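Participant: Structure incoming, see below.
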Amino acid sequence: TSALHTNWHLKENARDHHTSKFSSKELIVRRGQAFIVTFNGTEQPEQNLTFIAETGPKPSKLAKTQATFGISSTVSKESWSAVLQSTSSNSVSISISSPPNAVIGRYKLSVQTTSIGSSSPASLGTFVLLFNPWSSGDDVFMPNKAECEEYVLEEFGIIFAGNKNHISSFGWNFGQFQGDILNICLSMLDRSLNYRQDPATDVSHRNDPKYLGRVLSAMVNANDDQGVLLGNWSGNYEGGKSPSSWTGSGEILQNWKKSGFKPVKYGQCWVFAAVLTTVLRCLGIPTRTITNFSSAHDADGNLRVDEFYDASGNHLDRAADSIWNFHVWNESWFSRSDLDPSYSGWQVLDATPQEESGGIYQCGPASRNAIKEGDVDLDYDCPFVFAEVNADCMYWNYDPASGKKTLMFSESTVIGQFISTKAVGKDDRVDVTNDYKYEEGSTKERDVFKKARKKLGLEDKFDPTAPTPQEIDQKPDISGKFKVAGPLEVGKDLNLILVLANLQSDAKTVHLNMTAWSTVYTRRPVHEIWKDSISVTLSPREEKQFPIKIPYTEYQQQLTTDNTIQVTALCHVEGGIQVLVQRDITLDNPAIDIQVLGEAKVNKEVDVEVIFTNPIDTEVMDCVLQVEGNDLLRGILEIDVPPLKASEKSSTKFKLIPFETGPKHLLVNFSCDKFADIKTFKMVNVID
C-alpha cells in the first residue's frame with residue numbers, strides 16, 4: 001500500500017474527544033464520536049472512496065475487527081461511517097465515526113478508490129480508539145461530567161489505609177496520560193492468556209468493558225501470566241522495592257516494559273489497585289480505588305472467617321482465612337448487558353491475587369448492587385466480594401499438641417467498615433459502606449446475609465467445622481478492651497491500658513497471657529515484640545486497669561514497613577470460658593513538610609524545600625528523598641539526604657521547572673534506617 005499525506009487534526013480532535021492530556025503524536029479518539037481527517041493525493045471523485053478501518057492480528061468483518069465503509073450523507077449509529085466535510089483541488093476532509101460498541105485499540109486506516117481498474121488501498125496511518133464515557137451509547141457512559149473528569153481524566157488520587165480505629169491516607173500518581181503508558185496498556189492486553197490462546201477472538205471481545213476489566217484484573221498481578229506486579233506480604237522485600245515505597249503507577253509500568261515484561265517486585269493490595277486504576281482510566285473506563293477496613297479473606301467460601309490463637313495468646317498463622325486491617329480494590333463504571341439493568345453502575349474488580357477464579361488469579365466484575373442485595377449467584381466472583389464486606393468471624397483457641405479447638409467468641413458486625421474512596425474534585429474521604437450493605441444489625445442486613453448463604457447452599461449443608469449453637473450462645477464472665485494512652489507514633493513508647501471488667505456478681509480469678517507482635521497490614525504476624533503473664537482476682541462487678549508500656553527500643557527493630565502491631569491478651573477465667581482481647585495498632589510516621597518557595601510558573605525555575613525533623617534520640621542514616629509529579633518534573637527525582645543527629649532538623653532544596661499550567665501534585669516519599677516511607681503531597685498551582 002502506498003502512503004498518503006494525512007493531516008489528523010490532532011489538536012481539534014483531541015479537544016473534542018477529551019484526549020488532550022495524552023502527549024502523543026498519534027491520533028487518540030473515543031468511540032461513538034466523529035473525528036476529522038484530511039488527506040491528499042487521490043485524484044478520484046469523492047463518491048468513489050472506500051475506507052477500511054482494522055485492528056488486531058486477523059481483521060475480520062464477522063469479528064467486528066474490520067470495517068469497510070464509503071462516503072454517506074449521514075452518520076450511522078450502528079456501524080462505521082464517513083461524511084464528506086470539504087474538498088479542494090488535491091485534498092479531501094472527511095468526518096469519520098465509529099459505532100459506540102466498537103472494539104477499542106490501535107487501528108490501521110486506509111482508503112481505496114473504487115474506480116475502474118481498482119488500485120490497492122493507500123494507507124492513511126494509525127490511530128487509537130478508546131472507550132467514551134461522554135457518549136450516551138457507550139457501555140461506560142457516565143452522565144455526570146464532574147465524575148468523568150475525576151474517574152477518567154484525573155491523574156492524582158488519594159488512597160485510604162491504616163485501620164478502622166485510625167484511618168490514614170496518602171497520595172498516588174496514576175499518570176495514565178504520561179509518556180508511553182497508553183502503549184504499555186495496549187501491550188498488556190496483547191500479553192494476556194486469552195490473547196495468547198486465541199488472538200483474534202480476544203481482540204473481538206475488546207469492545208466489552210466487563211471482558212477487559214476481568215482480563216486486566218488478571219494481568220496486573222504476576223500470577224499465571226507474567227503480569228505486571230509480584231505480590232509479597234512477608235515483611236521482607238529484598239531483591240525489589242518495598243510495596244509501601246512506590247508513589248505512582250508510572251514507574252511500575254515503565255519498569256515492567258523496560259525489563260522485557262518481567263514482573264516488577266513488589267506489590268500489595270493498594271499497588272495492584274492503583275495500577276489497575278491507571279490502566280482502566282487510560283483506556284477510558286471510569287475507575288476508582290476503594291478501601292475496605294476489616295476486610296475478610298474467606299478462602300473456603302463459607303462466609304465465615306476463622307482465626308486461631310494458642311494458650312499464650314499468639315495469633316497463629318494456620319488458617320487460609322484472614323481479616324486484613326484494610327484491603328484496597330477497584331470499582332469501574334459500566335452497564336451489565338449480561339444481567340438485569342439494575343446491576344449496572346459500579347462494578348468491583350480486584351487485581352490482588354487472593355483466590356483463583358476460573359483457574360487463574362482474577363476477580364470481578366462483581367456488581368456492587370448484587371453484593372448489597374446478596375445476589376451472590378451472579379457473575380463474577382460475587383461470593384468472594386460479599387464475604388470481604390459481610391463474613392462472620394469466629395475466634396478459636398487452638399492447642400497444637402492435641403489439635404483441639406474451642407470457640408472463644410464470634411462476631412457478625414466487625415467485617416466491612418468505613419468503606420472509603422476519594423471525593424469527586426476534592427481530597428476528602430467519602431464513605432460508601434451503605435452502597436455495599438444495609439445497616440449492620442438491621443433485619444434487612446441479616447435477611448440479605450441469609451439469602452446469600454442460601455444461594456451458596458450453606459443453609460442445608462452440615463458443616464463439621466462450624467461452632468455449635470451452644471458454643472455461639474455461651475456468655476463470658478468478664479469483658480476486656482485495650483485503650484490507647486498516649487501518642488501512636490513511630491519513635492515513641494507505646495502506652496496502652498488493658499481494662500478488664502467482671503460481669504458477674506461473684507469474684508473471678510483470671511490468668512492473663514499477653515503478647516505483642518509486629519504484623520503486616522493483613523494482620524499476618526511477623527516478629528514477637530513483647531510478652532507478659534499475670535494473674536488477677538476481680539471482685540464482683542469490678543473493673544480494673546492494667547497499664548502496658550512497650551518501649552520504642554523494644555519494637556523498633558521488629559516493625560514492618562506497615563508500622564502495625566497486634567496486641568493480644570488471652571484471659572483464662574477459672575471455671576469460665578476463655579476471653580480474647582485484642583487490638584490492632586497502626587503507628588503514624590513522623591511528619592514531613594513541603595514548601596514551594598515563590599510562584600510556580602511555566603518554564604521558570606522554582607525552588608522547593610522539604611523539611612524533616614528527626615524525632616528520636618539516636619541518629620538516623622541512609623536517608624533518601626524521592627519526588628515525583630506530572631508536568632512538574634520528568635521521571636523521579638532521588639536525593640540522598642545526609643544523616644541526621646537526634647532531634648536535628650533537615651532542609652533539602654531542589655528546583656522544578658513546570659511545563660504545564662493548572663493544579664499539579666508533587667508527591668514526596670522519605671525513607672531512612674529508622675522510618676520507612678514517610679509520605680506527603682502538595683498541590684502546586686502553575687500559572688503562565
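Note that Cβ sites are derived from N, Cα and C of the backbone, with glycine treated the same way.
So TrEMBL says this about it:
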- Cys269: active site (ACT_SITE)
- His327: active site (ACT_SITE)
- Asp350: active site (ACT_SITE)
- Asn390, Asp392, Glu440, Glu445: Ca(2+) binding site (BINDING)
- 261-353: domain 'Transglutaminase-like' (DOMAIN)
Participant: Of Cys269, His327, Asp350, which is closest to Glu445 (Ca(2+) binding site) if I measure between C-alpha atoms? They're all active-site residues.
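Facilitator: Ranked by Cα distance from Glu445 (Ca(2+) binding site), first place goes to His327.
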Participant: Cα-Cα separation of Asp350 (active site) and Glu440 (Ca(2+) binding site), in Å?
Facilitator: 24
Participant: In the domain 'Transglutaminase-like' (261-353), how many residues does DSSP assign to helix, to strand and to coil?
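Facilitator: Per DSSP, the residues of the domain 'Transglutaminase-like' (261-353) fall into 18 helix, 41 strand, 34 coil.
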Participant: Within its own chain, what residues at least 6 apart in sequence put their Cβ under 8 Å from the Cβ of His327 (active site), listed in sequence order?
Facilitator: Cys269, Thr291, Asn292, Ser295, His297, Thr352, Glu388
Participant: Out of Asp350, Asp392, Glu440, Glu445, which has the highest number of nearby Cβ atoms, where nearby means within 10 Å of its Cβ, if these are the recorded positions?
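Facilitator: Selected residue: Asp350.
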Participant: Considering every residue in the domain 'Transglutaminase-like' (261-353), what is the mean pLDDT value?
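Facilitator: Here the predicted model's pLDDT, averaged over the domain 'Transglutaminase-like' (261-353), is 96.
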Participant: Neighbours of the Ca(2+) site Asn390, Asp392, Glu440, Glu445: Cβ within 8 Å of the Cβ centroid, same chain, sequence order.
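Facilitator: Along the chain, the qualifying residues are Ser412, Thr413, Ile415, Gly416, Lys437, Arg446, Phe449.
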Participant: Identify, among the recorded positions Cys269, Asn390, the residue whose Cβ has the fewest other Cβ atoms within 10 Å in this structure.
Facilitator: Asn390
